[in-house]
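Step one of this worksheet: look at the structure below.
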Amino acid sequence: MKSRAAVAFAPGKPLEIVEIDVAPPKKGEVLIKVTHTGVCHTDAFTLSGDDPEGVFPVVLGHEGAGVVVEVGEGVTSVKPGDHVIPLYTAECGECEFCRSGKTNLCVAVRETQGKGLMPDGTTRFSYNGQPLYHYMGCSTFSEYTVVAEVSLAKINPEANHEHVCLLGCGVTTGIGAVHNTAKVQPGDSVAVFGLGAIGLAVVQGARQAKAGRIIAIDTNPKKFDLARRFGATDCINPNDYDKPIKDVLLDINKWGIDHTFECIGNVNVMRAALESAHRGWGQSVIIGVAVAGQEISTRPFQLVTGRVWKGSAFGGVKGRSQLPGMVEDAMKGDIDLEPFVTHTMSLDEINDAFDLMHEGKSIRTVIRY
């Protein structure tokens, strides 16, 4: 079938809006009509050429919502007409990782997904007879996309796709990191480095967890009003100080902050976040994705004296079994999604959405098909 899509033909180049061909779903696959998709920093990271798994030409996009059109052989968990969110972190329920109960990382389709292919090692997209790669198992920058059944969360059909599409990545990543990875407790102190969608979601998650002090940190003070709306008690611009941000935080509590979250992908900030964590028990959660090849470092003394470095992917959330509940929470108002959507655009305007993001003028732009 034909589908309008925003295709990245080469790294560092604007996306091109073209009509592509989408093949029917094969065994274990599902064809969906995407209704809305967010434009995320991860898409920009891959488009820049810095992503070691980046392959071109590719249909990007991984933060979407849509409706099932057709299912392939053997698919039982969804049917045509069901409303779904594609998942870049699958949940097969059968691999060693899923069975462990210790992680949300599933390896069922990871190897082929990292190569831009469907589980059988081929692609369902083509343009002028030439194959196009998939992206993170989702490719939501196409009006129609094919996704593995294990990479789809079935959601309430009454949910507002313009908002809940954000649960496909950024908001779930931030809120989940608070509850699942850090396990923030009432009264704990929290510092959030970087106030993009993920960082703001961490702030909201910290408020849900009844954290005592929630410190929001960013060099763009225009983000502070929204941070306060989500629950920040303090907002700090590091540029306002003539000393390292670590020292600013240690002035707040000389022993450090209970939980720090790095939501940028900057290895220097990762170190600062760790060294701002509370002596004896503080933990720092790395959420931001650094450029390939970069390494993190600190003095071993920082760890010997009780600080812990952790990482978090998709907030530790199991997509198929847990994400539908988060959609319900959003519908009840327990998760506030509307403020994240600062702009809505058509697919034809998608390059403008990337520009807004790079200029720091948007939190999330949602593309409506």
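Quick reminder: no glycine exception, Cβ is built from N, Cα and C everywhere.
Since the structure is predicted, the reported quantities are computational estimates derived from the model, not experimental observations.
Here is what Swiss-Prot records for this protein:
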| type | residues | note |
| --- | --- | --- |
| BINDING | Cys40, His62, Cys169 | Zn(2+) 1 binding site |
| BINDING | Cys92, Cys95, Cys98, Cys106 | Zn(2+) 2 binding site |
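Counted over every protein chain shown, other Cβ atoms within 10 Å are most numerous around Cys169 among the binding-site residues Cys40, Cys92, Cys98, Cys106, Cys169. Each residue contributes its Cα atom, and for Cys169 (Zn(2+) 1 binding site) and Cys92 (Zn(2+) 2 binding site) these two points are 18 Å apart. The least crowded of the binding-site residues His62, Cys95, judged by other CB atoms within 10 A of its own CB, is Cys95. Rounded to the nearest whole angstrom, the C-alpha distance between Cys106 (Zn(2+) 2 binding site) and His62 (Zn(2+) 1 binding site) is 17.
Each residue contributes its Cα atom, and for Cys98 (Zn(2+) 2 binding site) and Cys40 (Zn(2+) 1 binding site) these two points are 26 Å apart. Under the three-state DSSP scheme, Cys98 (Zn(2+) 2 binding site) falls in the helix class. Rounded to a whole number, the C-alpha distance linking His62 (Zn(2+) 1 binding site) with Cys92 (Zn(2+) 2 binding site) is 18 angstrom. Separation of the C-alpha atoms of Cys40 (Zn(2+) 1 binding site) and Cys95 (Zn(2+) 2 binding site): 29 Å, rounded to the nearest whole number.
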